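Trainee: Structure in structure tokens, see below.
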Amino acid sequence: MLLLTLAALALLPCFTATHRSTSYLTFIPPSSVARPGPPKRRSAAAEGGVMLSDAAGGAQPGDCEDCADVAMRYFEAWNRREMDVAADQFAEDGIYEDLVYPDAFRDRDSFKRHLERVRDRVPPSVQFVVDGISRGDEQFTGVAWHVEIQGRSFPNTRGASFYRCKRCQDGRLRLVYGRDLVEPASKPGDTSLFILSLVSRLFGRFPSLLDMPAAKLPNYLKDIEQREREKSGKSEQQQPAAVGTGVRPVSFESSTSGPLGWLKSGGALWLGYGLYVYFLLVGTQAPGLPAWATPVSEFESLLKQSLDFWFITPILKGVTGLELLPAPMVHPVTLGVFNFFNAWSFCHAALMFSDPKSEGKFDRFVVWVGTMFLTNFFFLPYMALRAGTPLPSPLSNLAEAIEEGDPKSPMSGAVEALTKPWVGYVGFVVGVIALGWVFLAYPDGGFGPPGERWGYLLNQLQTNRIEFAFGVDLVLYSIFQNVLIGEESNRLQQLARQHSRPDVERRVESLKWLRFIPMFGEAAWVALRPQEQDTLPPGQGGRSRRQTGSVS
């Protein structure tokens, strides 16, 4: 893929040159590198790249004749950590798309804040080294680069960038679009060809899948071109073909259908739900007995666990002697696992009722209650129903929604309460108690020390269908937690950027890593995340419509 990318970058100016008759790709030779004193070691720059701070003839302010000069000035400022200068290479409405991030930086201010975060977190010893750059075109350039740390190159640090420039009102040539492609750490090789072949044959066998709706991918280059045409008063039919190329201009059209469209619209999740129900309820392949052959004693055990919901009954009986309900003895490992997933499902409420993608699709309160009792028998369909749904537009209506409110349902007060930080704190505490219960409860009850209980848990996962289902739920909950928190954090950051709240944006950024910690990360995110109204400018508050609206 890297070779194809570099080849495309090398050929790109041949298809896009409209201002010059000649485009060419410059590979930086070793002789262009000037280093004072005897070198202590040969870095990758000395092997054929150029360390930008040492490059002879670097682009200076005012001498940008083509897009490559602007790109070089950006890289040089980045290496010096002069982020104001780096951001100044972009137009005010410039868009920067780093494919490591799920969303683009849609203006110079948001991109500048990103660069400031980079400056604060990445030491100056990390430097970009340009291996080659295409020159001779005022509109487009491509750059092949790698990263060095203290003059040494490291694996998986190569990349390529594509830039588009335009003359701004002050006469300066600036970047209006940038896209970074970074070398992947995982290199599947021929496995990717096998998967592509398999998927292609699948859609060849079932062509109707191509007609399913799919999420639309952003096409920033097309948006920029449309915006510039509107400014210049030219219609799309009046646009000339690329000068001197003899070919049609490159099209960046996005499609709402395609081989992966049905996956994004929830098809894969519905398929997974069918497999989940089959293997855990009907099939005989999974450990333990299927539902139709499960003995009554297993269901009695589940009823006993339900009576010990969140350990309230046994704790009250042990501390005060008060017994609200009969508290039958349940193995501490089984009871601890049961309540651990109850606490995790409880935390889901804060994400579900704050999720605009599921608003109005179904009764979320009923789905959440079902999730509390039957986990992914309800939660997996929830994820499938919301998949492929775009965020409501425009997000800028948040202030009006907060001012108006929308108390449609008698349950709206409960729904709002379930989006508050206390849900995360309660879930976290119950999760800690559940883990402690698994290994430490009833030390004199004959259940053995922690090591023996761990062995009991592993044995149950391999022999008991219900405990095996909890193991599957652990995997699925971890994946869904990552998706929901990732989408919510991106949405909150976008709202914070719209309302000029960099403090809220930084707060969200500092918490996003929590999504990778199963259960406790979700509980901590719910407890510490900003609320939607926190993204508004100071002085605007109230309650969010999504938090006070219908439970549907």
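Counting begins at 1 with the first residue displayed.
Placed from the backbone N, Cα and C atoms, the Cβ positions cover glycine too.
Take a look at what TrEMBL says about it:
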DOMAIN    73-173  domain 'SnoaL-like'
REGION    227-252  region 'Disordered'
REGION    532-552  region 'Disordered'
SIGNAL    1-18  signal peptide
TRANSMEM  333-353  transmembrane segment
TRANSMEM  365-385  transmembrane segment
TRANSMEM  422-442  transmembrane segment
Trainee: Six or more residues out from either end of the transmembrane segment (422-442), which same-chain residues have a Cβ under 8 Å from its Cβ atoms?
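Mentor: Here the qualifying positions are 310-311, 332-333, 335-337, 339-340, 342-344, 346-347, 349-350, 450, 453-454, 457, 519-520, 522-528.
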Trainee: Across the domain 'SnoaL-like' (73-173), what does the mean pLDDT come to, as a whole number?
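Mentor: Here the predicted model's pLDDT, averaged over the domain 'SnoaL-like' (73-173), is 90.
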Trainee: Is it possible to list how many residues within the domain 'SnoaL-like' (73-173) are helical, extended or coil according to DSSP?
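Mentor: Summed over the domain 'SnoaL-like' (73-173), the classes give 28 helix, 47 strand, 26 coil.
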